[in-house]
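**Student:** Feature table excerpt (Swiss-Prot):
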- H64: active site, charge relay system (ACT_SITE)
- D109: active site, charge relay system (ACT_SITE)
- S203: active site, charge relay system (ACT_SITE)
- C31-C162: disulfide bond (DISULFID)
- C49-C65: disulfide bond (DISULFID)
- C97-C255: disulfide bond (DISULFID)
- C141-C209: disulfide bond (DISULFID)
- C173-C188: disulfide bond (DISULFID)
- C199-C224: disulfide bond (DISULFID)
- 25-248: domain 'Peptidase S1' (DOMAIN)
- N102: N-linked glycosylation site (CARBOHYD)
- 1-18: signal peptide (SIGNAL)
Amino acid sequence: MVLIRVLANLLILQLSYAQKSSELVIGGDECNINEHPFLVLVYYDDYQCGGTLINEEWVLTAAHCNGENMEIYLGMHSKKVPNKDRRRRVPKEKFFCDSSKNYTKWNKDIMLIRLNRPVRKSAHIAPLSLPSSPPSVGSVCRIMGWGTISPTKVTLPDVPRCANINLLDYEVCRAVYPELPATSRTLCAGILEGGKDSCGGDSGGPLICNGQFQGIVSWGGDPCAQPHEPGLYTNVFDHLDWIKGIIAGNTDVTCPL
């Protein structure tokens, strides 16, 4: 069974805030308040996702995070404790590969959002650069988000959690998930022993490998963080021409096949 890593949250938000868990994304630690100025929190239709600010006006997330009444929060660390840098935006435009529904668990799970107003850089808001080179198998990668910190029950943290995982050969994921095609625009990442993973509510957030923004949280095993069940991440590098074309105003640009 696989899990799209988005999470219905509003009905459980109050309970989650009240809980104090020593469980560590899953298997990680509380992110340092200064290490994620590019990380955004996306709410829509009673669900939550993550996302990545790539310049003052654009956010990159997963296509399956699309929905109505979307709100995007930037400069956030604690959900409960506001800071002077926190900003709220809504989408001005959304862009997808072909259409908002033309994606699969292994292809085109990517959405580019133009904010209704640009944000200014500050101590807690700053974009993350797009990758300058392709990802390399064996890289140590950082995941982060406000998703559930328990693989078996929904427990949302007040602050984002961070963990290090490894970029694995795509064939590792093909062996686990037989529905995957021979090739795709998807990265395979995780810890084969289990215990560390992105999970529900982390969808759309970044996979940062050797300091470069290489992936977007997409889907994985259910429950999360199980041995030999790594996660799948949309390959950002493979979509660079599409991303840059859209930002430059070329709406005719197409995603890679």
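Backbone N, Cα and C define each Cβ position, glycine as well.
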**Student:** So, three-state DSSP: helix, strand or coil for C173 (disulfide bond)?
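**Tutor:** Looking at the DSSP assignment, C173 (disulfide bond) belongs to a helix.
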**Student:** Compare the C-alpha of H64 (active site, charge relay system) with the C-alpha of each of the recorded positions C173, C199, S203, and give the closest one.
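**Tutor:** So, spelling it out, the nearest of the recorded positions is S203.
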**Student:** Can you check what DSSP calls H64 (active site, charge relay system), collapsed to helix, strand or coil?
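**Tutor:** Reduced to three states, the DSSP call for H64 (active site, charge relay system) is helix.
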**Student:** Which recorded positions from the set D109, C162, C188, S203, C209 come within 10 angstroms of C65 (disulfide bond), judged by C-alpha positions?
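**Tutor:** Of everything listed, what lies within 10 Å of C65 (disulfide bond) (Cα to Cα) is D109, S203.
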**Student:** Distance check, please: Cα of D109 (active site, charge relay system) against Cα of the residue listed as 'N-linked glycosylation site', rounded to an integer number of angstrom.
**Tutor:** 9
**Student:** Roughly how many Å lie between the Cα atoms of C188 (disulfide bond) and C141 (disulfide bond), rounded to a whole value?
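**Tutor:** It is 11 Å, counting Cα to Cα.
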**Student:** Determine the Cβ neighbour count for C173 (disulfide bond): the number of other Cβ atoms within 10 Å of its Cβ.
**Tutor:** 24
